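Copied over from TrEMBL, here are the features:
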REPEAT    22-56  repeat 'PPR'
REPEAT    124-158  repeat 'PPR'
REPEAT    295-329  repeat 'PPR'
REPEAT    427-461  repeat 'PPR'
REPEAT    529-563  repeat 'PPR'
REPEAT    630-664  repeat 'PPR'
REPEAT    665-699  repeat 'PPR'
Amino acid sequence: MYSKFGNIEGAQYLFDEMPERNGSSWNTMVSMSVRAGLYSNAIGLFLKMRDLGIEPNGFVIASLLTACNRSMDMVYEGLQIHGLVLQNGLLYDVFVGTALLHFYGVYGCASSAQTLFGEMPQRNVVTWTSLMVSYSNNGDPMEVIDIYLQMRCEGVSSNQNTFSTVIAACGSIEDEFLGHQVLGHVIKSGLEANISVANSIVSMFGSFSSVEEACYVFDHMNEHDTISWNSMIAALTHNMLCEESLRCFYLMRCVHYEIDSTTFSTLLSVCGSVDNLKWGSGIHGLVVKVGLDSNVCVCNTLLTMYSEAGRSKDAEEFFQEMPEKDLISWNSMMAGYAEEGKCLDALKLLAELLQMGKIINYVTFASALAACSHPDYIVEGKIVHALVFVAGQHGNLVVGNAIVTMYGKCGMTWDAYQAFQKMPEQDLVTWNALIGGYAESEKLDEAMKYFKLMRERGKSGNYITLVNVLGACSAPHDLLTHGMPLHAHIVLTGMESDEYVKNSLITMYAKCGDLKSCDYIFSGLVHKNSVTWNAMIAANAHHGHGEEAFKLLLEMQVVGVDWDQFTFSAALAASGNLAILEEGQQLHGLAIKLGFHSYLYVTNAIMDMYGKCGEMNDVLKILPEPNIRPHLSWNILISAFARHGSFEKARETFHDMLKHGSKPDHVTYISLLSACSHGGLVDEGLQYFSSMTLEFGVPAGIEHCVCIVDLLGRSGRLSEAEAFIKEMPVSPNDFVWRSLLAACSIHGNLELGKKAVEHLLQSNPYDDSAYVLYSNVCATTGRWEDVRNVRVEMESNSIKKKPAYSWVKWKNEVNSFRVSEQLTS
């Protein structure tokens, strides 16, 4: 009677007063304890039974395993029960075997579940489904599908739980063909009306981005439960349909279905952006109202939402106030810090976890390594790498990928390659991390080498692979050797329709100086998103075509494409290049109004714009305090001082940067060497160039070498400039020879000028600037006959000097005009 009505206290009292207890009474008491959630009590009763020599039956064994599953911290007890099952020969009981399978599945031991499954003398549909659930819980949907197909081959009919599990697996791998096949099996079995199966079908269609189909299934269901509504909301959020998911949530509340933690977690997952944060804040208020603000799952989603929206302070405060934190909470906070480049904050959390003796997983290490993916934090990154070995996580694929990525982003491509080689297995993410590291270090030949090797080993690559290798093409000669062949490969493999690839093609042609091809690709696109427009605007801004960049900005607004932080960065760059302060100030005000000024990219672009417009006071007003100043902000400040002749301040800023622990990179040294060149600080410039690699490990690039040639050339030390070119660590390009030729023009060195112009014309016979500069050399040395010969040669080869452009603001418009043109009203 007490058992029937769930009165555990009454049953316990009666049990204790019984003069004699048999196996049935013990079994009943154990089962009641499990149903009441008294899992430790159930295990205690089980141990007393064993001491008294009373063996539990199969039903009680299954109940005890259920207790182990629900408690989530009784793996040792579960293993003991497995031993008892083997000892008593209970594995023949399909009910007991299935319970054991479920136990291993809950604790993520899919391989142990597979071994147990092979040892079971009898299997039924529940057994097969339990094995599938084990692999599903272990994050292996492909194995779930393989088991399902094997089950069908052996003639075992599926039930609703089988179909729900395999449909979820099809959604996980986004295999539409297989999903529709399974749907056919469901209809043939007559289970399409089952609420559990229908819920899974809704989720699956959501994963396929087939929102209309998901809505159709949902609308035609005979009944709905909370899971049905959650599945529909998840289908909408998966496809980033924030407002539609909120409408669905509103309808759910109107029909009075129970709202649970899954409902809120699903809704909040789509609110992690500036545009959707207002909805997220409202949902947060509702979470508090319904009393789910202490639910750790909901709290974790809120934490992720604030981090993704760039509200790091809100995320920090919320994290500190969380009543309960699990490992996901810590990992989410670390991932947020990593996203914002706050390495030390992320590592502080890692240290706290270790001090508390918490068990950390591969996600924790992956987040910590991601936070260290900057040259400034490579020492900390190596420490985390060592901790990975101590924790025995070095064989984990996700951690291995994070290690390769970290070294690649820090410019340590050899270390990235060594980590790549030592990995027990590599997937496409691993190859992309290695290729991306070489690409970021501008090592195009190595990036292409491993791109080809990857394909030879059967990895076809994806859009990320192509974006990486295209990004490494950054000079005119790269276009013929690698850029155009890559474009051909993209067309042949059908990847030209991918938005990221198209945008990268525009950027690649822009960096290689081929704006006509950029415009051709851009004009041929039917659907242009903000990334496409940004790529084209940035391309024109980079090449000094500010007027065209502003035209594109206006067109972007006309067609209704919203600006984002990257649009503002490109627009501000165009303003800076044209030195049009008023437009730059207007963009600054608009960025503040729309909330984009808090983004680091935009802040730095605003500073750079004011610097190029000569407004150093405005630069200093925006500049963050030295102790929290980002690396790029230091570089912009040095560059601004150098550009406006404040060479001593540029040097002082560099040394302040070192004092505050920010390590210089290749961009820092370009600005610093340029300041020395324009300030006539020859010896100091040479010292900086020497210390660049020796002290700070910054490899000398072509831009640094151009600065040194310019430095020596301006000061008249032309023989030293020539000797430097011969000993350069990289092959000299047109910029090097053009810089030397310009110096020869200033100082009248005809012999060296001839050598420089020969190299320039060998590279590009139609380079008008080479002819003009050499003509100036001849004029400086009084060789007027040679000046005439140069002009005759230009005419015979149909080479015309490109006219200079100027910009003037007239009637609230920026107009460009050539030399000899008149501005008309």
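Using the three backbone atoms N, Cα and C, a Cβ is placed for every residue, glycine included.
These figures come from a predicted structure and were not determined experimentally.
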Same-chain residues near the repeat 'PPR' (665-699), Cβ under 8 Å, at least 6 residues beyond its ends: 375, 411, 631-632, 634-635, 638-639, 641-642, 645, 647-648, 650-651, 654, 657, 707-708, 710-712, 714-715, 717, 729
Helix, strand and coil totals (DSSP H, G, I; E, B; other) for the repeat 'PPR' (295-329): 26 helix, 0 strand, 9 coil
Within the repeat 'PPR' (427-461), residues counted as helix, strand or coil by DSSP: 26 helix, 0 strand, 9 coil
Integer average pLDDT (0 to 100) for the repeat 'PPR' (124-158): 87
